[in-house]
Amino acid sequence: MKTLLLTLVVVTIVCLDLGYTRTCLISPSSTPQTCPQGQGICFLKAQCDKFCSIRGPVIEQGCVATCPQFRSNYRSLLCCTTDNCNH
């Protein structure tokens, strides 16, 4: 009986995740915000457009469910899973 009760408690904790959600820096202001449910990965993407040599790369930060694929116009792409790690 104790084993069954312990199993139920563990399953409940895992399923509910104790209400914890990820916080990531969100562009354009780079302020920490709580990510929507299911989006537990922070990302930082720097990409170049035709004005990159003048103003530098365009920076995008946010929350995603899966890390975006790297593309040829990206200068860098960072995906991470700790709070506010995308700086």
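Using the three backbone atoms N, Cα and C, a Cβ is placed for every residue, glycine included.
Note that the coordinates shown come from a computational prediction; the quantities given were computed from them, not determined experimentally.
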Cysteine paired with Cys42, where Swiss-Prot records a disulfide bond, from Cys15, Cys24, Cys52, Cys67: Cys24
Disulphide bridge to Cys80 as given by Swiss-Prot, partner from Cys67, Cys85: Cys85
Residue among Cys48, Cys63 that, according to Swiss-Prot, closes a disulfide with Cys52: Cys48
Member of Cys63, Cys79 annotated by Swiss-Prot as disulfide partner of Cys67: Cys79
Spatial neighbour of Cys85 (disulfide bond) that is closest, considering only the disulfide-bonded residues Cys35, Cys42, Cys63 and their CA atoms: Cys42
Closest of Cys42, Cys52, Cys67, Cys79, Cys80 to Cys35 (disulfide bond), Cα positions, disulfide-bonded residues only: Cys42
Alpha-carbon spacing, Cys79 (disulfide bond) to Cys42 (disulfide bond), which is rounded to whole Å: 6
Cys35 (disulfide bond) in three-state DSSP notation: coil
